[in-house]
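Report on the structure given below.
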């Protein structure tokens, strides 16, 4: 039932992990830690004051529920049983994990998949985790550091992304520091995240089962699992204001830089940079994010490459800083043509252009039919965009 993992003390700083685990158990100040998707901001999911610390640090709306991160199935079972119940019914051991999720758990955990579960009466979870809902989301992260931290803390961790509310999710530790410096005490630096977008969230309690948020597991992959052959899309790419969100990312504006984002859908012609500057006014600071097809002129623009192995910006040989003139300042960031690299670099690119002072950001979208990662990228971009350009 549980996953065995070994801790290589030469590769992982156990002192800092132990210190962070102690803080999670005995403090109400949340801890930032890396996962395979994005950096999370964790607190003991069973203590109200600790969970309130997450909302305070992020300035997050209190009706936006949190995902619970666990390190074992037994830990999850304890959350599905009322306090004091040990799972013995009529002389037999009862497994509270709904059968509909067992094929998914076997195939995709640990990994970027969150499942929606029923909240029991007299739940061990702090009520702030569920935001008043009768369900909660849970996942087992695929990051070794995250798994070890949860195991050392000995408690499930409520953990949204470790960014200020509405801002792009953090994929390196410096993003967390930029947003939350002075609001939290501990950031565990595990390097850049492997996936770069949040987990897929699914609801198997509804008929038919549905996807509430796209992420690292695709609808095609889900349909290969028993009971999930007819899974449907249950989310909208725009914010669903006025509704109680079943999962994070469904109601409020998310992933947004300070700049206005203009999203060009895949196969739209690339914008002509000189016409963009002419149309949107002189002396504007403008950013472009290239993905698969755009080929904006390097000789007239500063170009930055977001490394696929790092979540940090690296200057291209074409230019080391944005071009500045009496009319405009323009910066181009290229994420490469590989979908996984685009996902890993997307939030870093939005943050980088914000730091450079971009007032408008033009983004080349990708074909979301390419798979789970592409669908997740476009979902995040639509939520960030104020304007969308379609054929």
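Every residue number used here counts from 1 along the chain in the order it is shown.
Backbone N, Cα and C define each Cβ position, glycine as well.
In TrEMBL, annotation is done automatically, which means it is predicted and not curated.
What you see is a predicted model, and the numbers here were worked out from it, not measured in a lab.
Record check, TrEMBL: L-threonine site residues include 69, 139, 159, 199, and the candidate from 37, 46, 93, 119 also listed there is 37. When the candidates 255, 264 are compared with the ATP site entry in TrEMBL, which names 60, 64, 135, 161, 169, 213, the shared residue is 255. Of the residues the record lists as binding L-threonine, namely 37, 69, 139, 159, 199, the two whose Cα atoms sit farthest apart are 13 Å from each other.
A gap of 12 Å separates the Cα atoms of residue 64 (ATP binding site) and residue 159 (L-threonine binding site). Within 10 Å of the C-beta atom of residue 199 (L-threonine binding site) sit 30 other C-beta atoms, taking all shown protein chains into account. Neighbour list (residue 139 (L-threonine binding site), Cβ cut-off 8 Å, at least 6 residues apart, same chain): 67, 68, 69, 70, 109, 111, 112, 113, 114, 115, 199. For the binding-site residues 60, 69, 213, the ranking by surrounding Cβ atoms (within 10 Å, all protein chains) places 69 first.
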